[in-house]
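> Can you read through this structure? Questions will come right after.
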Amino acid sequence: MVPRVKLLVVVASFVNLGFSGAPTAPPPKRAKVKNNSGVMPAGLCGAWIKEPDGGLFTSPNYPEKYPPDRECIYIIEASPRQCIDLYFDEKYAIEPSWECKFDHIEVRDGPFSFSPIIGRYCGQESPTYVRSSGRYLWIKFVADGELEDTGFSARYNFTQDPDFKDLGVQQPLPICEFEMSGPEGIVESVMVTKEGKALQTEAVDCWWSIRAPPGSKIYLRFLDYEMQNSNECKRNFVAVYDGSNSVEHLKNKFCSTVANDVMLLSSLGVIRMWADETSRRSRFRILFTTFHEPPCEGDAFFCHSNMCINHTLVCNGIQNCVYPWDENGCKEKRKANILDGLDNTNVTIIGVTCGLVIILLTVSIIIQIKQPRKKYIIRRDEFDPTLLHEAFEPPHYELCTLRQAPSSDGEILPEDFPKLQRTSSKCIHSHHCGSQVSSTRGSRSDLSLRDAAAILSEMEPSLQPPFPMQATPTSRRNILVMKHSYSHDGAEECDLDDELYDGPTTSRGRAAMDRTVHRSVSNDF
């Protein structure tokens, strides 16, 4: 029988090659699409066929009757931006019951047993077409101990997710895989960009495989977690697998605002992060610790939570146990230093010394602040006369004139006249004027009354007329007066216009005039 089979295979190969000797073109390769679907328990739940864009699965012994007391779970996972279409064959028979409480098929929209339920089916009529809202379908077949039947056969395929119809077909994703081991370690999302696995603008589907020693388990503790698009699992999530990266070993999936610690029961843990182009700011940071169950052997540390961890993880500044037993009382176990050797006496001496130093420093600062400072006089190299006080200026003499106005007939006025009228007179030095302003401000001259009288006596001979005195009402006469004053306003103009009133000149008028001139000079000095 075996030789005949071999002969048929050889003949078929010749038929495929053809007798012309020209080789035929190889069949086109189908695009590789990841199909991460799975079944539990494997090998006991009927046929399970995975194809790049779909698959097929059946109940145990299909199309014969399924065995009693059997429970099978089928989890189907599509590629990113795809959803799942599920079809049941017409040849379908499951023990009927009220609300399908006995034998039944349960379909849920998601990867877990607590995902939203789509429907529970039994009886002789096959379920209708089922479509998932996302990338996962969770299917469970249950058979009790009585009344078995034919069972079912179902086929699934992957289609474009309507939510991502505008974005088109998902571009090929970069390869992003990491291998980690050891008693502890950090798994974080920034490793993707640090190690150049993907660009910041690309969608990523990254996997971290953590391998513990045989017989050990893995404890995962989230140190940081944030999803850019919270509660949108189609766009970003962090998933934890226990045993392999197959969907049936999915332990937890986080896409909301909170992530809980995870205790894995196998020595292989897988962490997966999916983030599309709009969710690349999603981040996480996980501390993994390998452990084994008690009794603790050798120098292993007991965490009081059924965990025995490596002794090197004790007092390392990181909490590796579920509760911080490994970080309690670490001061005694830490390496001794200078501060640990100080007792109360040493601390007191150091404190008193530091206090005295501070006091002395404060006193020295106060003394420096209150100490008188030397004053320095700035000397100028060149003399500046503008700095001198105006009192040092020498006195100025003013020469005022009483101009004589000629009469209408050209005669000169006589000396004696009844009234003296000041004519318009101007100071020779207008900026040193003995005017009223100067008198009100006060004269600072050193001349006395005796000097004033001497000036008047010198002026009298010049006042003697060379002709007989005549009373000429319209005639005027000039009188020359030397005045001495100190004026503050150098630019002030002196206007002493004294009119000479016409009238007969007598001795009494002369004496009155002398007294008037003497008084005027005295006041000016």
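Glycine is no exception: its Cβ is also placed from the backbone N, Cα and C atoms.
Curation does not apply to TrEMBL; its annotations are automatic.
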> Quick one: which of Cys296, Cys330, Cys354 does TrEMBL link to Cys315 by a disulfide?
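In TrEMBL, Cys315 forms its disulfide bond with Cys330.
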> Choosing among Cys296, Cys303, which residue does TrEMBL name as bonded to Cys308 by a disulfide?
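Out of the candidates Cys296, Cys303, the one TrEMBL links to Cys308 is Cys296.
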> What is the separation, in Å, between the Cα atoms of Cys308 (disulfide bond) and Cys321 (disulfide bond)?
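Computed Cα spacing between Cys308 (disulfide bond) and Cys321 (disulfide bond) is 9 Å.
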> Express the distance between the Cα positions of Cys296 (disulfide bond) and Cys45 (disulfide bond) as a whole number of Å.
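On Cα coordinates alone, these residues lie 39 Å apart.
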> Tally every other Cβ atom lying within 10 Å of the Cβ atom of Cys308 (disulfide bond).
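A 10 Å sphere around the Cβ of Cys308 (disulfide bond) contains 18 other Cβ atoms.
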> Which residues, sitting 6 or more apart from Cys321 (disulfide bond) on the same chain, put a CB under 8 Å from its CB?
Thr289, Cys303, His304, Ser305, Met307, Ile309
> For Cys45 (disulfide bond) and Cys315 (disulfide bond), what Cα-Cα distance in Å is obtained after rounding to a whole number?
49
> Let's check the environment of Cys303 (disulfide bond): how many other CB atoms sit within 10 Å of its CB?
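If we count other Cβ atoms within 10 Å of Cys303 (disulfide bond), we arrive at 23.
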> Within 10 angstroms of the C-beta of Cys315 (disulfide bond), what count of other C-beta atoms is obtained when all protein chains are considered?
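So the Cβ neighbour count for Cys315 (disulfide bond) comes to 17.
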> To which of the disulfide-bonded residues Cys45, Cys72 does the lowest count of other Cβ atoms within 10 Å belong?
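Checked Cys45, Cys72; of these disulfide-bonded residues, fewest Cβ neighbours within 10 Å: Cys45.
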